[in-house]
Amino acid sequence: MDIESWGRQNPIKKESWRTVIALAYQSLGVVYGDLSTSPLYVYKSTFAEDIQHSESNDEIFGVLSFVFWTLTLIPLLKYVFIVLRADDNGEGGTFALYSLLCRYTRVSTLPNGQLADEDLYEYKNDRNLSADRIGMSLKSTLEKHRFLKKILLILALIGTCMVIGDGVLTPAISVFSAVSGLELSMAKHHHQYVEVPVACVILVFLFFLQHYGTHRLGFLFAPIVITWLLCISAIGVYNIIHWNPHVYQALSPYYMYKFLKKTQRGGWMSLGGILLCITGSEAMFADLGHFSQLSIKIAFTFVVYPSLILAYMGQAAYLSKHHVIASDYHIGFYVSVPEKLRYPVLAIAILAAVVGSQAIITGTFSIIKQCSALGCFPRVKIVHTSSKIHGQIYIPEVNWTLMVLCLAVTIGFRDTKHISNASGLAVITVMLVTTCFMSLVIVLCWHKNMLFAICFIFFFGSIEALYFSASLIKFLEGAWVPIVLSFIFLAVMYSWHYGTLKKYEFDVENKIPINWLLTLSPNLGITRVRGIGLIHTELVTGIPAIFSHFITNLPAFHQVLVFLCIKSVPVPHVRPEERFLVGRIGPKEYRVYRCIARYGYRDIHMDDSEFEKDLVCSIAEFIRSEGRGQSFEAVEDIDANERLTVIGTTSTHIDGIRICEDNRELIHVDTEMIEISSPEVPRKRVRFLVPESPQMDLSVREELQELMEAREAGMAFILGHCYVRAKRGSSLIKKLVINIGYDFLRRNCRGPTYALSFPQASTLEVGMIYHV
């Protein structure tokens, strides 16, 4: 089943319970691997240093009570019942919430946004709901102040950076905790020399497998996690019955009070270990686009949640009767496993840890792709590992960076205590960011009463702030790792975003007005040669300075000019029938067009040959529709001389123009077609098949004929190669960011995907210096 494309193309009906259960089954392997392996290290991390397990059992029962209520309030109440409803057209995660807020409040920092983007299908949901006076006041405040827009962006980037940090720390702590079961089968002074090498080998193997894609092993993920959950819940039930049937009494909140009263500061500091019981909860929301809300809710509520509660209760029941063992070894998961089952459980635990780590690594790839699409991360190589499931991606640079950092953390710390302190801070920071964004979504997007948003942020924010403070106090004991990693990634992301924004502002300030074009003759004052000249620009209006710079130095250009803008919009997906905005620049005889290709932050860009065909077909369809005087969807551009028309990809032209190249067969269409062919040329033959239309006049036919001949002659790609420098008088910080930071990233990151796919022999780069 294509779990990636489910949400948009095959919405589940209420009665389709078979499909819901199938998705719930798959979600166990993709979403809950990390959360399910948390019993491996929660008790061990909690009792690592700050508190001790005593004969009174106040500590172990207090920790159990904290774990129970934390699992109940955060994953179950907050995420399952509230946060999952805040999806962005089926997508979830930190950037999905930010995207949702950008659309409802117009706080997006994307520089080339248009009013036409608000007419997209996924943009228009629920915008007609009325907000109360306080909500409207909050909305206008956010839209007016650039400082508040930057704060929202930085919050989104911090959440993203912590997710990347989690991608480093989760594999380390999961795998290391899984192999820690070896400590019970060898001498204490030997196991530390075995655990670290074994964990490193598993981690290297895990990251090495990433370029194969998870679709080849994905069918094993759900059975592994289900086996693991059945295993820990069965062991938990056994320990409860066999050692302490009354352990359920510790679920009372009273035991939390007793715990804090007895342990005081030590108990508060140990909350950083208890926090790890909810690590992986954010995956329920981040992976929402792969499944449905109902399937994720069913999987957690009826399978994962009760299994985890039984596992934690079983461990507490066993430890409440075994104080001597706890003093000889660190309190861990494996001490509560019956001795005959330890090695089988160890094997299952390692597999479950690998699955859990795989989920967070894949999630890291996904969120970096989203950031890159929205101009907040340097361009990286994105490899699609599956032709059927489009969400399966692999980013080589990020993968090997994560592996090096993960090995460094494992070898550097060599114990779960420091790694857990680091992981806990990363986890709780992402949750705090989600809580802040959710409080805004409640008011601005759901149009609920402000009181409900205040109660939400106060209740859940207070709980998460308590855990955050307990994690932050461990700064010198490992919590510095996510802070340092986040600072580095935040500096990279903000520098790239700032430089990209300044570059676009320079383009806007120096663009050439269309009136300049109108003063020229139809030949534009230059020699027009056969072919299509494709000029890439970030501008959605006006003529880029690169064009005048080019024709000033080389006064010749192609018979058909197309100003192409490939831009991202703050929605997950753009439907194929809304892909292009096509318009004409200047009079008809100039043969100059503008084409804007729009993509969502989770869309895949088409390959070069497919894109070229769709581009030419969209222009041809625009010419035909314009000539027929057909009523088509159009939007007024900022410039009065331009009018853009919404044109879909070739696959959406049911009765529109089709293109045939190299005499290949076309898909049969049940309409009569008129073939417009060109004279024989030695290059590939191009034909337009146009539905029979008595309204097509001679000028339209001539324009289509010229476009077809230009396509046959070939297509040249003109790209700008800019050198960005801070202008004189800029502050020292701006010079450092632009001249060093952004310049270094621009020189070392990959070029745009579409630029890399252009034939090198047909590509021309025009250099310009930008003083921003």
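Quick reminder: no glycine exception, Cβ is built from N, Cα and C everywhere.
According to TrEMBL, the domain 'K+ potassium transporter integral membrane' annotation covers 23-518.
Positions annotated as domain 'K+ potassium transporter C-terminal' by TrEMBL: 531-771.
Proximity of distant same-chain residues to the transmembrane segment (20-40), defined by a Cβ-Cβ separation under 8 Å and at least 6 residues beyond the stretch ends, is recorded for 1, 3, 6, 12, 75, 170, 174, 177-178, 180, 218, 220-226, 228-229, 232, 276-281, 283-284, 287, 290-292, 294-296, 298-300, 303-304, 307-308, 311-312, 315, 332-333, 349, 352-353, 355-360. As annotated by TrEMBL, transmembrane segment applies to 20-40 (among others).
Annotation comment: TrEMBL describes 60-81 (among others) as transmembrane segment.
Residues annotated as transmembrane segment in TrEMBL: 151-173 (among others). Beyond the transmembrane segment (151-173), the same-chain residues lying 6 or more positions past its ends with a Cβ under 8 Å from any Cβ of the stretch are 34, 41, 94-95, 97-98, 101, 107, 109, 142, 199, 203, 206, 276, 279-280, 282, 286, 356-357, 360-361, 363-364, 367-368, 371, 376, 402, 405-406, 409-410, 416, 419-420, 422-423, 426-427, 429-430, 433-434, 436-437, 481-482, 485-486, 489-490, 493-494, 497.
If you look up TrEMBL, you'll see 193-212 (among others) marked as transmembrane segment. Away from its own ends, the transmembrane segment (193-212) comes close to residues 171-172, 175-176, 179-180, 182-183, 186, 350, 354, 357-358, 361, 383, 385, 394, 396, 399-400, 402-403, 406-407, 410-411, 414 of its chain (Cβ-Cβ under 8 Å, at least six residues beyond either end).
Residues or ranges marked as transmembrane segment in TrEMBL: 219-241 (among others).
TrEMBL lists 266-286 (among others) with the feature transmembrane segment.
Residues annotated as transmembrane segment in TrEMBL: 298-318 (among others).
For 343-368 (among others), the entry in TrEMBL reads transmembrane segment. Counting residues 6+ beyond its ends, the transmembrane segment (343-368) has Cβ neighbours under 8 Å at 29-31, 33-37, 40, 93-95, 160, 163-164, 166-167, 170-171, 174-175, 177-179, 181-182, 202-203, 206-207, 210, 214, 221, 224-225, 227-228, 231, 235, 280, 283, 286-287, 333-334, 337, 377, 380, 391-395, 398-399, 402 in the same chain.
Residues annotated as transmembrane segment in TrEMBL: 389-413 (among others).
As annotated by TrEMBL, transmembrane segment applies to 425-444 (among others). Non-local neighbours of the transmembrane segment (425-444) in the same chain are 74, 78, 82-83, 86, 94, 97-98, 100-101, 104-105, 131, 134-135, 138-139, 142, 155-156, 158-159, 162-163, 165-166, 169, 272, 275-276, 278-279, 281-282, 285, 450, 452-454, 456-457, 460-461, 464-465, 467-468, 471-472, 474, 479, 482-483, 486; each lies 6+ residues outside the stretch with a CB under 8 Å from one of its CB atoms.
For 451-473 (among others), the entry in TrEMBL reads transmembrane segment.
TrEMBL lists 479-496 (among others) with the feature transmembrane segment.
Same-chain residues lying 6+ beyond the ends of the transmembrane segment (298-318) with a Cβ under 8 Å from its Cβ atoms: 20-21, 24-25, 27-28, 31-32, 35-36, 38-39, 42-43, 60-61, 63-64, 67-68, 71, 75-76, 80, 226, 229-230, 232-233, 235-240, 243-245, 247-248, 250-251, 277, 284, 333, 335-336. Within its own chain, the transmembrane segment (451-473) has Cβ neighbours under 8 Å at 70, 73-74, 78, 82, 268-272, 274-275, 421, 424-425, 428-429, 431-432, 435-436, 438-440, 442-443, 479, counting only residues six or more beyond its boundaries. Counted as Cβ pairs under 8 Å, contacts with the transmembrane segment (60-81) are highest for 266-286 among 219-241, 266-286, 479-496.
The predicted model assigns the domain 'K+ potassium transporter C-terminal' (531-771) a mean pLDDT of 74.
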